[in-house]
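Comments concern the structure below.
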Amino acid sequence: MNPSRCRILAVGKVRRDWIQKGIELYLKRLPGLTVTELRDSSPEKEADSIRAALRPDETLIALMEQGECLGSIPFARRLKQFENERLVFVIGGADGLTAELKLQAQWQLSLSPLTFPHELARLMLVEQLFRAQSIVQGRPYHRA
């Protein structure tokens, strides 16, 4: 996984300082990975903002409760399959993503069968991206 070929689009702001610090920690470890915050609104307006921010050459990965749930090693392997593509991970607002955006996604991903606040999901995603990179590169961060 090449962090400079990945980005995260997330609806809403991170309001908890400790979550923001965690996100910043992993972003420093993944140079090139960016997070773009989109304004909270109605699901339809959020979907319009997301679509406007998407680039034609990106593979859309929608984070959603009903998505595919993988362990860290299978997640790393799956990301490796996309290594030559530009990836955009999308985290919707409190009401999630619209049905149209979910269908537009090339991969529907769930971070867990549990439900988490969206700002915490953002932290979990950047940590898992770092973990996936360490698994693929054979670095000792992941201990299983």
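Backbone N, Cα and C define each Cβ position, glycine as well.
S-adenosyl-L-methionine binding, as stated in Swiss-Prot, involves GLY92, LEU111, SER112, PRO113, LEU114, THR115, PHE116; the candidate among LEU60, LEU63, LEU79 given for that site is LEU63. Every protein chain shown contributes to the tally, and the Cβ of LEU63 (S-adenosyl-L-methionine binding site) ends up with 24 other Cβ atoms within 10 Å. Ranking the binding-site residues GLY92, PRO113 by the number of CB atoms within 10 A of their own CB puts GLY92 at the top. Most Cβ neighbours within 10 Å among the binding-site residues LEU111, LEU114: this distinction goes to LEU111.
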